[in-house]
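Annotation comment: TrEMBL describes 1-19 as signal peptide. Among the features that TrEMBL reports, domain 'TNFR-Cys' is placed at 62-104, 105-145. What TrEMBL records for 158-179 is transmembrane segment. Positions annotated as compositional bias 'Polar residues' by TrEMBL: 208-220, 232-242. Feature annotation from TrEMBL assigns domain 'Death' to 297-367.
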Amino acid sequence: MAPALRLALLACWLAKVESPSLKLHCASDEYDYAGHCCRNCPAGTYVREHCYIPHTWGDCRACEEGEDYTEHDNGLEQCLPCKQCKSGNKIVVRPCTTKSNTVCQCRDGYYCPPGCEECLKCKKECSAEGQIIVHRCNATTDAVCGSPPEGTTQYPSILIGITIGIVFLFLLFILGFIYKRRKTACRSNEEKDAKRFLIHENVKVETSISGDPESRNNALFPNPEMSGLLPGSTNEDSTSGSIPSAQLLQLVEAPGIPSGHSNVPEGKKPEVRIKNSSTKKLSDIYFNVKAMVRSHDWNPLMRKCGLSDIDIDKITRDHPHDTHEQYHQMLRTLQDRLGIEDALHKLLDGLWDLNLKTLYENITNELADNDIITVGPED
């Protein structure tokens with residue numbers, strides 16, 4: 001009995017003695033499974049089946065794009081679900097991938113402090129009198145109110161209004177300056193046209209006209225209002241300020257006025273026959289008409305020649321502020337439509353019908369002197 005008793009006592013004593021626990025130590029890139037270490041699956045995957053051999057990988061499977069993810073190396077048996085930006089005031093800043101979760105952010109005008117579920121509306125103004133917004137609202141914090149810094153105004157809208165007023169006045173000044181420049185330029189162009197007319201209108205008037213003032217007046221200036229302005233004229237109805245006397249004297253005594261007889265018979269409208277239309281001189285004389293006709297006679301002359309008001313308006317719009325080019329293009333249009341011969345006939349007929357006989361005679365004389373036309377009485 002003694003040996004049996006001793007064995008029973010020994011068994012009881014051994015049962016009370018605690019055995020030291022066996023602890024498993026895995027590396028930082030491993031995890032503990034069933035008493036042995038398995039290698040972590042990489043980010044973007046999960047453990048479908050654990051390893052059987054210690055310190056090896058199990059079966060790693062990829063997460064589903066846009067549905068779940070794992071951001072780091074892991075021993076998880078399933079991927080983590082992607083976050084949903086469910087709030088109506090949240091927008092997706094970065095979508096969910098297999099390696100990163102969805103990143104949400106509040107819309108403009110809303111904010112969401114860390115840990116919040118719903119976006120909150122930003123403060124637009126400060127309720128306390130005399131305070132202003134010193135920090136604007138952002139994605140995570142609301143606007144912050146406070147006292148304005150020293151030396152700054154509490155009414156920024158006043159500064160904005162003053163600035164806008166100054167800019168408006170500056171723009172008005174610029175527009176006024178541009179308008180004045182254009183008006184001056186237009187006046188200058190009109191004066192140039194008047195001078196060009198005075199020089200060229202009567203460039204072909206013969207000096208063999210009778211020496212009495214009235215006859216010479218009528219030849220140089222078929223318009224009675226202009227002839228009355230000639231020095232020595234007795235026309236009491238003329239206005240001395242219309243055209244300077246010095247310019248008229250210069251025109252009357254101009255040395256470039258040729259002498260000789262007229263090729264145009266007196267009386268009824270003569271018949272003009274073109275002998276040679278191929279010379280460059282004909283084209284030069286044709287286009288030089290634009291320098292001889294007064295501006296207020298030009299459009300009526302073009303209508304007589306066959307141009308419509310639509311044609312005249314279009315050419316005028318195409319070449320604004322350039323009267324010389326407008327006249328040239330109208331003559332060019334007539335030539336292109338009719339040919340140089342018919343265009344010249346239309347031009348001469350128009351001058352005759354508008355009673356611009358002096359210009360008619362000047363042009364026909366020059367054409368005849370260059371052996372381009374013959375002039376005779378109309379049949």
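Cβ coordinates are placed from backbone N, Cα and C, and glycine is handled just like the others.
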Could you give the residue numbers and ranges of same-chain residues that sit at least 6 residues beyond the domain 'TNFR-Cys' (62-104) on either side and whose C-beta is under 8 angstroms from one of its C-beta atoms?
29, 31, 33, 38, 40-48, 50, 110, 112, 117-119
Tally of residues which DSSP labels helix, strand or coil - the domain 'TNFR-Cys' (62-104):
0 helix, 13 strand, 30 coil
Counting by DSSP secondary structure, give me helix, strand and coil numbers for the domain 'Death' (297-367).
60 helix, 0 strand, 11 coil
Using DSSP, how many residues of the domain 'TNFR-Cys' (105-145) fall into helix, strand and coil, respectively?
0 helix, 12 strand, 29 coil
